[in-house]
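Enquirer: Can you read through this structure? Questions will come right after.
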Amino acid sequence: MTQVAKKILVTCALPYANGSIHLGHMLEHIQADVWVRYQRMRGHEVNFICADDAHGTPIMLKAQQLGITPEQMIGEMSQEHQTDFAGFNISYDNYHSTHSEENRQLSELIYTRLKENGFIKNRTISQLYDPEKGMFLPDRFVKGTCPKCKAPDQYGDNCEVCGATYSPTELIEPKSVVSGATPVMRDSEHFFFDLPSFSEMLQAWTRSGALQEQVANKMQEWFESGLQQWDISRDAPYFGFEIPNAPGKYFYVWLDAPIGYMGSFKNLCDKRGDSVSFDEYWKKDSTAELYHFIGKDIVYFHSLFWPAMLEGSNFRKPTNLFVHGYVTVNGAKMSKSRGTFIKASTWLNHFDADSLRYYYTAKLSSRIDDIDLNLEDFVQRVNADIVNKVVNLASRNAGFINKRFDGVLASELADPQLYKTFTDAAEVIGEAWESREFGKAIREIMALADLANRYVDEQAPWVVAKQEGRDADLQAICSMGINLFRVLMTYLKPVLPKLTERAEAFLNTELTWDGIQQPLLGHKVNPFKALYNRIDMKQVEALVEASKEEVKAAAAPVTGPLADDPIQETITFDDFAKVDLRVALIENAEFVEGSDKLLRLTLDLGGEKRNVFSGIRSAYPDPQALIGRHTIMVANLAPRKMRFGISEGMVMAAGPGGKDIFLLSPDAGAKPGHQVK
């Protein structure tokens, strides 16, 4: 059946840029990729995009902990994420970042339109504030005793013991997760998105029939409890985009994160030199289809805030949300101590990507059900289905074709009716792929694989091969087996991209959905090479052990300059502005009699001389070598009376001390007296 080609934009939820990709993430990206690959096989124009979610307090604080800039951290994490997704053959057309110029412009545009349309409100709120770190504390950065069940060490938004939700101000004996200090209440003006204004539109969207039943039911609960205005701003310090005309105020990460879908697509259009497609996909009356694959934990943002933001800023809404459940391993939540919290990169060190792609696909449906990765069942299913049923079908027939018939298949089908049974299944299997009933598709394909192997067992080519005058029968039987293998691999192509490549090389033809209507007759195949290897529990044991070792390594004490000399408490800009740093010329440097640590430096500040004692003698045993160098000094430090005289400032140096200390110097061109700004 010929289909009309559609324009489709598909996204996965944006991974947060402060941690590695794990097998929980991979469920969604594999699910989306299988669906996208099927759509492409059917001739549709699909743009498949993603990006890193790169803003927020957790990223700012982790970068500080690592002693690097947030930009450096998210850049390194993006490379790691993209490597992992490529390793699992996720066929993204573009992978970008929310910390991009495209995303900044689109975030400001959407905010400005919402504000102009009256959907942004201002009001002053009271929040918990860390007096030591000088920052307002997000809910998850406050811990204390649950006000309901009195369980200790609970986060500021909900209790993991009794499940209660509450405000962080309701916590008993709250503490800052950042510094351990007791937070204080402080007022701040915040910006709110008027979500209740979109209640009628959102309810109509919910009743349209497009959303999964479980999602629609959950949304109805939210409507009944009443929609609230959404706080879309955060106070400095914060890593993100500053709100236009609001110094010190930043967009909350969940405002610019979904806009990252648009930003990544805009980046793709710009790379292609295509100025038309962005509007074609995102304008209000777009006929293109837009699908978001997401986990059930972020339905609230994608089903309420996101479509309302788009509606209020005159952009199109999603065609649908495809929501999935969580991943458990061996029937339990992923556990670092048990070695079942498995990173994507660790998996690829022990198994190929196709194995996990197949197992997840076999368990997925269109419902929001959790998926259990039972590692013993995983080994059994991969071996039983991929190796024994599919690959074995090719191997048990290819040898005869290669050896006895120079790789040439028979000119007629041995069993046209059986072949028709296989090709007629395209409609049912295609519908299963289309509707995300992946488990059903796999069951249909494996039922066909059983039929194919039963045919070979009944025809017994290994017996026919020994009988005189039956060469034509042998060629026909084995050619039939290879043609059935070709159909099976065509149906499995969205799931097993690497195995498909090897199968296409053997079959000497590309596997296409419509191509199976015409069997390979009189066609020459290539010499058969092993297509897939069996897996065993020893690989699983090695995988689990490797995951445990990674946890131990991550928990090991951090070494290096930051560990030896941690960053001091946060100061305000006003505190820093009090320090007057100046470029100084070292006119003279000499030993200080009676001291084995100090050098006496005579510094020229460009019109004023200073006498400074500095404890750098061990690092500079020849003080004459310092004469003529430029350095940086604290010029407004109060004079300090010492046994050897008065020190009138301090020079800047870095290092742990002793011989390992290094005097700081300005770049070429700086002159004595220049202020460091």
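The chain as shown is numbered from 1 upward.
Quick reminder: no glycine exception, Cβ is built from N, Cα and C everywhere.
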Enquirer: Suppose you had to name the range Swiss-Prot annotates as motif ''HIGH' region'; which of 15-25, 345-355, 367-377, 609-619 would you pick?
Expert: 15-25
Enquirer: Quick one: sort out which of 333-337, 498-502, 523-527 is the motif ''KMSKS' region' according to Swiss-Prot.
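Expert: Based on what Swiss-Prot states, motif ''KMSKS' region' spans 333-337.
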Enquirer: Let me know how many other Cβ atoms fall within 10 Å of the Cβ of Cys146 (Zn(2+) binding site).
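Expert: The Cβ of Cys146 (Zn(2+) binding site) has 22 Cβ neighbours within 10 Å.
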Enquirer: Roughly how many Å lie between the Cα atoms of Lys336 (ATP binding site) and Cys159 (Zn(2+) binding site), rounded to a whole value?
Expert: 22
Enquirer: Could you work out which of the binding-site residues (Cys149, Cys159) has its C-beta surrounded by the smallest number of other C-beta atoms within 10 A?
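Expert: It is Cys149 that, of the binding-site residues Cys149, Cys159, has the fewest other Cβ atoms within 10 Å.
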Enquirer: Which residues of the chain, 6 or more past the ends of the motif ''KMSKS' region' (333-337), have a CB below 8 A from one of its CBs?
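Expert: 22-24, 327, 547-548, 551.
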Enquirer: With DSSP helix as H/G/I and strand as E/B, how many residues of the domain 'tRNA-binding' (575-677) fall in helix, strand and coil?
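Expert: Final tally across the stretch: 7 helix, 46 strand, 50 coil.
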Enquirer: Which residue counts does DSSP yield for the motif ''HIGH' region' (15-25) in the helix, strand and coil classes, in that order?
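Expert: Within the motif ''HIGH' region' (15-25) the tally stands at 3 helix, 2 strand, 6 coil.
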Enquirer: Restricting to the domain 'tRNA-binding' (575-677), what is the model's mean pLDDT?
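Expert: Averaged over the domain 'tRNA-binding' (575-677), the predicted model reaches a pLDDT of 87.
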Enquirer: Relative to the Cβ position of Cys162 (Zn(2+) binding site), how many further Cβ atoms are located within 10 Å?
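Expert: So the number of other Cβ atoms within 10 Å of Cys162 (Zn(2+) binding site) is 12.
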